[in-house]
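Following: one structure in structure tokens, then a few remarks.
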Amino acid sequence: MGERAGSPGTDQERKAGKHHYSYLSDFETPQSSGRSSLVSSSPASVRRKNPKRQTSDGQVHHQAPRKPSPKGLPNRKGVRVGFRSQSLNREPLRKDTDLVTKRILSARLLKINELQNEVSELQVKLAELLKENKSLKRLQYRQEKALNKFEDAENEISQLIFRHNNEITALKERLRKSQEKERATEKRVKDTESELFRTKFSLQKLKEISEARHLPERDDLAKKLVSAELKLDDTERRIKELSKNLELSTNSFQRQLLAERKRAYEAHDENKVLQKEVQRLYHKLKEKERELDIKNIYSNRLPKSSPNKEKELALRKNAACQSDFADLCTKGVQTMEDFKPEEYPLTPETIMCYENKWEEPGHLTLDLQSQKQDRHGEAGILNPIMEREEKFVTDEELHVVKQEVEKLEDEWEREELDKKQKEKASLLEREEKPEWETGRYQLGMYPIQNMDKLQGEEEERLKREMLLAKLNEIDRELQDSRNLKYPVLPLLPDFESKLHSPERSPKTYRFSESSERLFNGHHLQDISFSTPKGEGQNSGNVRSPASPNEFAFGSYVPSFAKTSERSNPFSQKSSFLDFQRNSMEKLSKDGVDLITRKEKKANLMEQLFGASGSSTISSKSSDPNSVASSKGDIDPLNFLPGNKGSRDQEHDEDEGFFLSEGRSFNPNRHRLKHADDKPAVKAADSVEDEIEEVALR
């Protein structure tokens, strides 16, 4: 369309150019006629060539005055004005105008008019073409819009195809599922139809059988039905009779149960009263035993009245021996139940383990006269020790008898409980048999369950009471052990005359382990009691740890919280006491004068403990005022000697010190001091273990 619009425009421009050139040539050369003829001939030729155009131009010329264009009007006026001006200017010059000029002028005017008409026509055409161009542009814009829409639709075709494919797949799946459902329903319909056919067939058979009344099976069935009804009536009668009997028996059984419960409560109350009486008697016996133990343990202590250093040292050793025996008596009573002789046997190797040490030639040259004196002096010590041992044996016998009585009481209680349980079980079995037969087991279970609940409550209450009683006994034993650990030392008898009697027999001797302990208290442990705390700790650190055999015969018998497989305490105690007697006999034969001499004592300490033991003895002998400095940590039986005048004063002061029991006196402080050296040997630990065992049970 653009090319078509462009081609007529170019033709019109060419025509306008041709007319313009001819018009200018006419105005430029008005005088030349030749040119005018040429100009006149040119439009004529144009008219000849384009006759159609002339007709159209004529039409336009005729139409032009009707609708003159705005552009054409000023051109016409201008041409006319210019023509008039030229004519006015030329009129005086050319007065003699010819006809040729008039013709030329008229031809020019005609030409101008024609050109003006053509211009107006062209302007009209141009306006029409502009309108046409605008309309074509609008059409092009619309067509472009339509094309864009079409292109967009073409682009969307792929998406539409994809969506369409998805819809097709979904529809196919739905179709498949619906087909499967249809098949399943068809199968069900077939099954139901087959079942219906079978049921119809069976129904027809049953109808035929029911219509046939003259069958032999029907008579048999009627007879069986009558017999079953008769049996049912008989069973109902029996059930009624049994239910009545059951009610009567349950009533009688409840009465018996109430009577037995009353008896059980009465027996339980009596048992409580008897248990209280037994406990009261047991506490009384314990208190009496404690009083006897306290009197027997501290009735035969030695007083410290010694005029010489040697006698004072011998008295110290004997007092240490007595304190060891007192500890053994008190602590042996506490832990007799848990003691096992298999763990710590008394072998002759332990007794004679230190004999080879005393066979050296330096210790064999002893003073025989001092041996005689010491032997006769220590003979008097054995009498109170023997009495104490006999009392200890009697106390142990009483303790064992009490244990046997308690065991018998426990066995009786258990037997009574077992009998009651057996009786209840037998009664329950008797009741359950008719209940299971009649099918009314639940009616009789209610009182039985109540009885079981009461029985369980009674058992729980008995267990609680037993546990509380056991805990109370353990607390009392703890209090007793504490009271026995810290007793008050009474005055000891005067053994000076016995120790230093003139009748002494000369005899060589050997030290054993037990005699060494009885002299010095566990390898001379009590030597540290006359020194301050630091020196005692140093000597304790130098000493090697005690072997298990030492626990069998010393100041303490340990308990290891094992009550099973106990041996006979009487045979064990008798063997132990025989050993102590033998050791004391050896002690009476030994010479006390060896230990009283400072040089020989220092040698013995060096052999046993090295240089630390001798340094402690030298510090004791050099420091006479150490008793006053370390009064709280010193054994009251061991004091340092001075000159004779001061010794008598110290003896009087010590007698007053023994009499004042509550004045900064603690006889068991040295035991607590050395408790860290032997942590396994503690009675309190065993009692705590027993408390934990009872709580766990």
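Each Cβ is built from the backbone N, Cα and C atoms, and glycine gets one as well.
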Problem set entry | Position flagged as phosphoserine [Swiss-Prot], chosen from Ser45, Ser512, Ser615 | Ser45
Exercise. Looking only at the coiled coil (103-297), what is the mean pLDDT?
Worked result: 91
For this session: Kindly report the helix/strand/coil residue split of the compositional bias 'Basic and acidic residues' (416-432) according to DSSP, in that order.
Result: 17 helix, 0 strand, 0 coil
